[in-house]
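A short write-up of the structure that comes next.
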Amino acid sequence: MTDLNKVVKELEALGIYDVKEVVYNPSYEQLFEEETKPGLEGFEKGTLTTTGAVAVDTGIFTGRSPKDKYIVLDEKTKDTVWWTSETAKNDNKPMNQATWQSLKDLVTNQLSRKRLFVVDGFCGASEHDRIAVRIVTEVAWQAHFVKNMFIRPTEEQLKNFEPDFVVMNGSKVTNPNWKEQGLNSENFVAFNLTERIQLIGGTWYGGEMKKGMFSMMNYFLPLKGVGAMHCSANVGKDGDVAIFFGLSGTGKTTLSTDPKRELIGDDEHGWDDVGIFNFEGGCYAKTIHLSEENEPDIYHAIRRDALLENVVVRSDGSVDFDDGSKTENTRVSYPIYHIDNIVKPVSRAGHATKVIFLTADAFGVLPPVSKLTPEQTKYYFLSGFTAKLAGTERGITEPTPTFSACFGAAFLTLHPTQYAEVLVKRMQAAGAEAYLVNTGWNGTGKRISIKDTRGIIDAILDGSIEKAEMGELPIFNLAIPKALPGVDSAILDPRDTYADKAQWQSKAEDLAGRFVKNFVKYATNEEGKALIAAGPKA
């Protein structure tokens, strides 16, 4: 048994006093009763659905609040954190010690004199590189969320659990002095890397706790040469590991969920001297337009112990997954063992030999697959490109590009080149190859079929792409295969999908110019300047 007196003393050391009761690492059964008990109001209330999962609402915050994210500027962080600047805007805004202290007082005062849930877990399936995390909250479903998402310790591990990092979730409290303090709003998600504490105020969105710790892993791990990556990962029957980077909507979860391979994890991973390891103990999947037919694994994972966020629940308790009236970002968290085909008991495997960058190019320029050189790997990793089709007033759909460093700029705490260097170093040591896979559009105006994309992924994973005859795509100088088993050869060179190749040429020149313009911000140091040659020629 864990000594609750010790936990109470540790809470007092944080400034949380006169706690009525500590509900320590509650079981799923206990959490179910707590979050559905009569008398709960507002966003604390959980609703039982016919799936067996409980659904909760997070109010106006149906996604992360990047404008309210701050990191304390101190001796430790001033020269290490990738701070926002006029030339390279990001979400790492500095906060002074006095403002931090006032926010900490607000949160600890909110949590004092309450009945609290304290959940201890690990971030990272590597014993050497994990962070022991303690989450303190007064809301039952928030305790459920972190129990799903972090790695659940054994009874033995809990006996001697010493937190490396504490998340204090005060979602019921807001900051009345935000204007005088020069902050963005009354809500806040603040980090102190010296005290190793995250404070949350005003926002009820569960993902702040998950992504907050991802940002911290993104700080601590690369500084010791360990990769920290926004990617999914799986492993084949022969132990061959593949990792899939990609922004939202590019197919990261769908393509890494493969009946022929075991899932290591779907979102956040590290790469150390042993290999690839998951940071998480669960999955946080989008549920908008979810169907049993298209995503059976996720559909069947939504059962007792899963937690639905911001979905529309009908009067009979059934869930309408097609209703995005609260948000398009409807989600479900569930423990990873709700997926059958996973690596267990520990979500880790050997070194990756295939690294796949997924992009959904709405411009119709990039090939469905190309093999990258080490320099191109760094260039396209730092660029982190994808594009969406956005409707305009006249019904014309125009592509809007997104460049997100390392396919996860929102979560980077160090300069992007540090992640690129660790990745390429790890890849070279493992003899890994990198590929750029476009799951987007081509000259036909249609999206590349999931059948062709799966065929491409199979060709990468089974090595047949290595035997293919290669050609070169001009402007981007990308190596492209001329034929692959199970893939329509007519799509492999994007120029062939246009009735008039000059059309591809002008679109390619336009997109190349966007890449070049975006990359200027990385050319501030020698490493960045050296990579310009690996990019497209505008």
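Note: Cβ is positioned from N, Cα and C throughout, glycine not excepted.
Per Swiss-Prot, the feature substrate binding site maps to ARG64, TYR205, LYS211, ARG331. Swiss-Prot lists LYS211, HIS230, ASP267 with the feature Mn(2+) binding site. What Swiss-Prot lists as ATP binding site is LYS211, HIS230, 246-254, GLU295, ARG331, 447-448, THR453, and the listing cites sequence analysis.
Shown on the structure are the features that Swiss-Prot records.
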residue	record	contacts (Cβ under 8 Å, 6+ apart)
ARG64	substrate binding site	VAL189, TYR205, GLY207, GLU208, LYS211, ALA410
HIS230	Mn(2+) binding site	PHE214, PHE245, ASP267, GLU268, CYS406, PHE407, GLY408, PHE411
GLY246	ATP binding site	CYS231, LYS252, PHE357, LEU358, THR359, THR386, PHE407
THR250	ATP binding site	LEU358, THR359, ALA360, THR386, THR439
THR254	ATP binding site	GLU295, ILE450
ARG331	substrate binding site	GLY206, GLY207, TYR284, ALA285, LYS286, THR287, LEU308, GLU309, ASN310
ILE448	ATP binding site	PRO368, ASN438, THR439, GLY440, TRP441, ASN442, ILE491
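Note: SER248 (ATP binding site) has non-local neighbours LYS286, i.e. same-chain residues 6+ apart with C-beta under 8 A of its own C-beta. ASP267 (Mn(2+) binding site) has a Cβ environment of 24 other Cβ atoms inside 10 Å. Cβ atoms within 8 Å of the centroid of the Cβ atoms of LYS211, HIS230, ASP267 (the Mn(2+) site) belong to the same-chain residues LYS210, PHE214, GLU268, GLY408, PHE411, site residues excluded. Same-chain residues with CB within 8 A of the center of the ARG64, TYR205, LYS211, ARG331 CB atoms, the substrate site residues themselves not counted, are GLY63, GLY206, GLY207, GLU208, LYS210, TYR284, ASN329.
The DSSP secondary structure for THR254 (ATP binding site) is helix. Mapped onto three states, the DSSP output places LYS211 (substrate binding site) in helix. DSSP classifies ILE448 (ATP binding site) as coil under the three-state reduction.
DSSP classifies ASP267 (Mn(2+) binding site) as coil under the three-state reduction.
LYS211 (substrate binding site) is surrounded by 23 other CB atoms, counting those within 10 A of its CB over all protein chains shown.
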